[in-house]
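Student: The structure's right below; bear with me while I get my questions together.
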């Protein structure tokens with residue numbers, strides 16, 4: 001999945017644009033949703049979600065299947081949580097499972113906020129390469145050790161995914177997934193060998209940096225695109241219009 005996200009981030013229509021343009025859109029929408037009061041949250045969340053989805057799928061042309069797949073997993077966790085909030089146990093006349101009297105009023109605020117937030121975060125992740133994002137954060141004053149740490153964590157995720165893929169491919173080539181017991185045994189072998197191999201790869205990465213005279217600062221290959229004031233202004237107007245419309249619409253009970 002992480003490989004598909006990286007391919008989408010580098011292959012969409014907005015990949016060459018300055019990160020500030022996309023951060024204004026997605027993080028600005030995220031700020032609107034998080035700051036919206038409960039009474040105006042439905043309109044704000046729906047409006048920001050629609051803007052983020054249109055920007056990602058229609059303008060940036062992020063693959064629809066990938067986008068929906070990224071939304072599906074956290075949405076499943078959300079639905080599970082919603083079920084626990086909506087159901088209550090009634091002990092007044094024996095044991096009985098029923099819907100909570102105020103179930104709708106309890107579940108809709110987190111649902112709207114989470115879905116709108118997902119649309120913004122997934123849109124930013126699938127339209128902005130990590131190297132561009134970290135380079136921009138470094139230019140605006142984020143401490144170097146934080147951006148370097150984020151880059152190393154991102155690299156380690158790739159290393160972990162590669163080790164797991166190769167280990168599973170090796171077990172499959174040995175017919176290790178032929179049955180239930182064989183599958184459990186093969187997965188156990190993969191899990192047991194993952195940590196030592198990950199440590200070994202990390203050590204080789206450290207040696208590689210030292211051999212290249214690493215001086216404590218990681219360099220980023222940037223796209224070189226300049227931020228467009230016109231695009232940023234249009235994005236700001238769209239977000240302002242969304243927030244204003246949410247504020248003027250009738251409030252939720």
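Here the Cβ of each residue, glycine as well, is placed from N, Cα and C on the backbone.
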Student: For which of the residue intervals 2-19, 20-37 does TrEMBL record transmembrane segment?
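Tutor: Going through 2-19, 20-37 one by one, TrEMBL flags 20-37 as transmembrane segment.
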Student: Which stretch, out of 211-231, 232-252, is listed as transmembrane segment by TrEMBL?
Tutor: 232-252
Student: Of the ranges 43-60, 169-186, which one does TrEMBL list as transmembrane segment?
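Tutor: Transmembrane segment, as annotated by TrEMBL, spans 43-60.
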